[in-house]
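Below: the structure, in structure tokens.
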Amino acid sequence: MEERNKTLGEFIIENQKAFQYSSGELSRIINSIRLAAKVVNYKVNKAGLVDIIGAAGEQNIQGEDQQKLDVYANEVFIQTLINREIVCGIASEENDDFITVQGSDNCHNNKYVILMDPLDGSSNIDVNVSVGTIFSVFRRITPIGTPVTSEDFLQPGINQVAAGYVIYGTSTMLVYTTGFGVNGFTLNPAIGTFYLSHPNMKFPENGNIYSVNEGNYVHFPQGVKNYIKYCQREEEDRPYTSRYIGSLVADFHRNMIKGGIYIYPTSSKASKGKLRLLYECNPMAFIAEQAGGKATDGFGRIMEIQPTELHQRVPFFCGSKSMVEKAEEFMAAE
């Protein structure tokens, strides 16, 4: 079978066979993400026709106004994972605390926990901008057969066993890694099947796109200001192109394909940064590194940060390796 004609299901089965002692649990998690993503995709594509755009009237733990689609996507992913009894715990941007999944026999025997942002960029849904789902999977630390604890979720990113995102745009794609490269699958809406469309995805070593909210320029650290000036300076290979959508998944996806850097630094308005380490930065960092890119907080590797809280925020510099390293040079000289 031609590589690009493979369905996601076939790809998962083939890769599971490559591991002698694989139990299939991780494969079932990816399959559950696939199923939930199709349900959410259907609702996202109908958002302008039904009463599901706009604010839900409540705030999440971050103090952000929840969108109706945030709430819907959160429920879909959580219920899909719980009903299939394939994880022992779930943490979501939309929930204050993690959820313990007992299983029908109350045995707590599953090996993995999942952390997710069920609908990244949802504040843009009203204006028809691409949104996405981000997920990260860890093997639990506490003994199998016992309820999960915060220790199972507060792991550094280097312990991730899988991570990925779904982008709901002009086409719907699921991109993920299990530590052996990055592959992208595009949904054929006519038959509801994901097909391998982007095998072995790689960040270009360099790029000419920088993605940062320049409206916050006056609030940025001097190192970030200096890097932005560097990107704008007219040289042989510059100025770079500024592209910022405001949806992490969409900005990251474009930069991985075309080459670029995404920056969300600390600022005088957000002293710790805005993006969440566990279910935004860690999974994107894992994907970036598997695709030959780099992800740091401006000074050190994102995936080596030891989390201290579930909704911890960090600054984020992610993209083509040489561009991230150049940004780090400016941060170090600050």
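Glycine too: its Cβ is placed from the backbone N, Cα and C atoms.
Quick caveat, the model's predicted, so the values are computed rather than measured.
The feature Mg(2+) 1 binding site is assigned by Swiss-Prot to Glu93, Asp117, Leu119. What Swiss-Prot records for Asp117, Asp120, Glu280 is Mg(2+) 2 binding site, and it gives sequence analysis as the kind of evidence. The substrate binding site annotation in Swiss-Prot covers Asp120, Gly121, Ser122, Ser123, Asn213, Tyr244, Lys274.
Locations of recorded Swiss-Prot features on the structure.
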residue	record	DSSP class
Glu93	Mg(2+) 1 binding site	coil
Asp117	Mg(2+) 1 binding site	strand
Ser122	substrate binding site	helix
Asn213	substrate binding site	coil
Lys274	substrate binding site	coil
Glu280	Mg(2+) 2 binding site	helix
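The shortest Cα-Cα distance between Glu280 (Mg(2+) 2 binding site) and any of the binding-site residues Asp117, Ser122, Ser123, Tyr244, Lys274 is the one to Asp117. Asp117 (Mg(2+) 1 binding site) sits 13 Å from Ser123 (substrate binding site), taking the Cα positions as reference. For the recorded site, Tyr244 (substrate binding site), the DSSP three-state label reads coil.
The two recorded residues, Leu119 (Mg(2+) 1 binding site) and Asn213 (substrate binding site), show a Cα separation of 20 Å. Of the chain residues outside the Mg(2+) 1 site list Glu93, Asp117, Leu119, Asp70, Ala73, Asn74, Ser92, Glu94, Met116, Pro118, Asp120, Ser122, Thr133, Ile134, Tyr279, Glu280 have their Cβ within 8 Å of the site's Cβ mean position. Largest CA to CA distance in the substrate binding set (Asp120, Gly121, Ser122, Ser123, Asn213, Tyr244, Lys274): 17 Å, whole number.
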